[in-house]
Every structure is written in C-alpha cells, then in structure tokens.
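Heads up: the structure comes next, in structure tokens.
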C-alpha cells in the first residue's frame, strides 16, 4: 500500500485512460486453460511423457509383458519339448543372405557329433542346409493356457529344421522358448508380491500414521526390526519351509507371499509419513467434523492424495522381487520344474564348468537385467511425475 | 558420547530378542524336525533298529517340548534337559547333518564372513567417496555422466548374476578360476604370507561384486547431498574471503554432506550381508552362505537358526557402528535430539 492511498500526502488524481477490464488478468492462454482443467492423472501422464527414457522403458516392459498371456504363441517350441538330437545345441545365428542372395531370415542346419575326448557335444553349422524361418505358421502343437489345443505360432522353425535362437539345455529344451514361458512367472511374481506388500504397507502404515500413539510406535518398532534384517537369508529360510509336496502353483503363491511379507516396511514408512502430513490438512479435519469414520477419511480423502506416490514406489520395488524369485529359484529353494521361470532356467547355469563350455545357459541374465533396468527407469519417471503440481 | 553408546546398546537388547524369536519361528516352520524326519524315513524303509536312539536324541535336544519352551531352551532362558544351556551360555546348538556342535561347523567360516563384509564396506567407502565428490564438483562433465551411467548399471545388475558373468569371463578370457577362497595348494596348509596374498587376491572379485550396487547408491547419495550444499551462501562467503577451493570443500560442505553418507551405510548393510550370502554360494566361498543353504535344504534347524541369527547380528552391529560414527560426527544426535535427525 503506497502512502498516497492512505491520504497523508495526496498526489494528483490519476485515471488510467485505458479503462479497466476485470477479466483482463484472468484470461488464460489455451495452454494454461487446458492444464488447469485437466484431471490429475492427465497431468501426471503429460509429465511422465517428457521423461523419454521412462517412456521407452514402459514400451519395452509392455512387450515383455506380452509374453505373459501369449507365451505359447510367441515361443517356437512348447516349453517342455525335448529335442533329443540336439542336446546343448548352441544358439543358431539368423542370417539374411545365402551365397550373396537374399533369402529372408533363415538359419543354417546343425550337425551334432560327440567329442569323446572332452566329453562334450560339438555342433557343426552346415551351410548347405538353409532352413527358412516361418512366421505366423502352424508348428508344434500345444495347449493354449493349458486348455485349448492349438498349433499356431508367431515364429516356427523350417519344416524338419530347428530354430534355437538361444541354444538348448542339457535335455535339448529350447532356451528361447524357456525364456518366453519363464517371463510368465518371473514377471507376474513381482506384481503379485508388490500387491501383497502394498496392502500390508497401506494397512499398517495407515494405522500408524492416522492413529499415532502406541499403535504408531509399536508399528515403527516392527518396521525398524524388519529393516535391520538381511532380506535374502530370511527369504531363503522361509521358502525352504514351503513343503516339497506342494504343486508349482502353490509354491508360486507361497513365494509371492514370502516376498511380499518382508517387503512392506518401506511402503508402510512412506504411507505413514504422508498420512502424518495429510491428516493435518483442512479437508481431513472437515471430514472428521462431519462425522466420517477414520477408515472413510483414510480411504476416501487421504489415500487419493498419495496414490501416485504409492504406485511409483511400488514400481521401484518390483525389480527387487523379480530378483528375489530369481535368486531363490537359482538356489533350488524357489520354483522347480515343471514350473519355468528365469531363475529356474538359470539353475542350469549353477555349475561353472558347464557354463564355460555352454555359455548360452546364462541367457536368462539378459532379460533379467533389461527388465530390472526398465522398471528402475520407469519408476524414476513415475516418481518425478507423481506430484504434478510441484 | 559414552552415554549415547550405552543407550544405543540398550536399545539393541529388545531388538535382538525380537529377532531371535522371529528366526526361531521361521526355522521351526517346516513340518517336523530333522530327527522326526529321519525316524519316519527309517519307519518307511522298515528299519527300526536305530529308532530308539533317535527317539532318545529327540528328548536330548528337547525337540518334543512345546514351541515356546523350545525357544527358551535354545536361547538359554529355560532349563533344558541339561539345565540352562543355550545361546546365552555360549552353546550354539548341535548340527544334526554334520553331527558336530554348530560352533565347530561354522567356526572356520565366521572370520571370513566378517572379513568379507568389512572389506566390502571399506571398498564402498573408498570408491564412493572420491567419485561422489568428483561427480558433485564436476557436475555434468564427461566423468560425471560416465559414473552416473556405470552407477545405474551397477544398481540394476543383481550381484549373483554379476558374479556368474564375471566368473565366466575370467575363466574364458584369462583362464582364471575365480571361485574358492585361495589357490588349491594352500588348502590345509598353515597360514603363510603366500596364503594370505592368495586369499586377498581371491577376495577382490567377491568384494567388487557385492559392493557394486552399494557403491552406486552411495555415489548417487553423496553427489546429491554435496550438490545441495555446494551452492549455499556460506560456501560463496568462504570463497569470497579467498579460501582455497580444496580446503573450502573439505572444511564446510563436505562435513555437512558426510552425515547422510555415514547414516546410509547402516541402511546398506542388510543388503550387503544378503549379497554376501548368495555371492558366496555362487563363487563357492567358505563363508556362512553355503553352509546356510545346505542347512536350510536338509532342515538342520539349529545350524540354520544360528547362521540366521549371526548374519542378523552382523547387520545390527554394522548399524550400531554407523550410528556411533554419526553420533561422533553430529552433536545433535549424540545429545539426543531425536527430531534433529530427520
């Protein structure tokens, strides 16, 4: 306020010749209007879209997750199919040109023989055998989702030919098909596990943050103890406790519960601190004054305020679960055949002397690293976008 | 200071009690116990000669008592068949699989486990400290970007897969056997200079493998902390007074940024210990890792329980050390203002 308006030392009366348009200050550009009217999720999406690496990661993950429903169609071989003539066959390189002529994608045939001196399988690529890869074709019969008999594949080997993109293992099972089928368990175990830990985290963190007092301090103690424990040895002990007689499906659910049971403290802590700050907000007080029950206030009024944060931190804890399953199955404590996951496949690579001779047994390492990196980048992007009004 | 350490030690006691109970609960989860499994196995094969002896053993190890009582006996708070004889009294239990006291089974592996984890923590500090400072003071330089990229890869690559890949590469490129803890001809020999060198050489790969993700996390953390401090007023003031750049950095912003750096190592230790367990299995190192795996698979409950407790105590001590260091560095914590820490 200038001294002139207080009338102590009056200046000359001034009138702006332009006139006053009350709407003038409030005219928004189209851009601004669009932004202010957009719902929260839309703004999150706009912000997420700017994070190029995160978007790329999301696309990569989408393609990986396609393997979950369509594994049978994407894989050239059924997962348990044993190619008895091709044990420990090396990966077949895909070529385009044969003797200078374009043939389209094809592989050269393999001639197996046994090296009796070193006791290993030796494969010669036979450059006279050109085996054209077929696409969208009828191949090995399988049961889609274990229910419907079918034989349609996206990619098949040539008739009477082979197509081992990532080699085969000791029983002649195609590794690439194994990877595609393995994605089904490896990729979903993280999601299911994270949902379990999210339910626990929201529930316990919510109780601690909303009620405070002794509930808060006892839950805090539990969180502190859980966080000071080395996770993997406990995972090992818990999964060793799963009865061997259980079917793979039960083992799978057992594992997700185990992974989720030890993972919730981080989420609970985040929920608690968010709730502590949000419950002081006016709207939470208003709801309480109007007689809303605590659970209604938490779920209806407070939770939406940090759902995006929750999703972001859940995304960041998916890789830990995928790795946990891989480690457990690798150590023979998790899933076992006939269930196939990336950890189960890696189990074949446990013996280093086998790996040195047949290095393609380590193939599952590649998708695991890609998926973990992608989840990390996508989680980073989501976390940055989670609070769009900042 | 002493007061602070004492208080911190007192807090550890209920934590330890809770952890030991949790661990005992977990190792008792599988149905039956080692001996009752043996008995039923013998029954199914029709051999009943040694069943009597096993029944006696079950009584001897108090496996026929109720759960809480068994826990009390294990810890040494409840009189067992031989009176008070549990962890507190220094009896670590009996390993059924090895038919030896647990102490003798794990004894040789404990020093190496501690050494491996200690070496990893040192490695993380030694590598993350200079790189973190460099990255912060040379923000957006080529070096900074390179370290950031390596850091991302380090964070994402699971340590046991890294161990597997490194082992393969070392074997196929240099013909080295990475596994094991020393060259074979040293096994069983008395300690000598050559043996120590061999052990140190074999520790390098596991330390790098276990420490990579921790180092990456620490670099990111130190860089972010230092960047927060470096552009503050007091730094500008000191610079305008003509303080030398290197002295300035060490004197002011680094000291502030060091706090979370020390605190974080405490948070990292559980994952380091986790990593050392599985990496030891992959690289075939004689730490508690492979023993734990074997014990879990054969349901050798006291052995597994003791190892789980041991690694948990290891992390607790690590956290204690980091807290004490933090208390030493930061008077706000030492003097007990809890709120100042957040």
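Positions of Cβ are set from backbone N, Cα and C atoms, glycine also.
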Where TrEMBL places transmembrane segment among the ranges A:288-309, A:310-331: A:310-331
The annotated transmembrane segment range in TrEMBL, which must be one of A:162-186, A:187-211: A:187-211
TrEMBL annotation of transmembrane segment - which of the ranges A:232-253, A:254-275 it falls on: A:232-253
A:3-27, A:28-52, A:53-77 - the range that TrEMBL marks as transmembrane segment: A:53-77
Segment assigned the feature transmembrane segment in TrEMBL (from A:136-159, A:352-375): A:352-375
Stretch contact, the transmembrane segment (A:53-77) with the transmembrane segment (A:352-375), Cβ-Cβ under 8 Å, 3+ pairs: yes
Maximum Cβ pairs under 8 Å to the transmembrane segment (A:187-211) - stretch from the list A:232-253, A:310-331, A:352-375: A:310-331
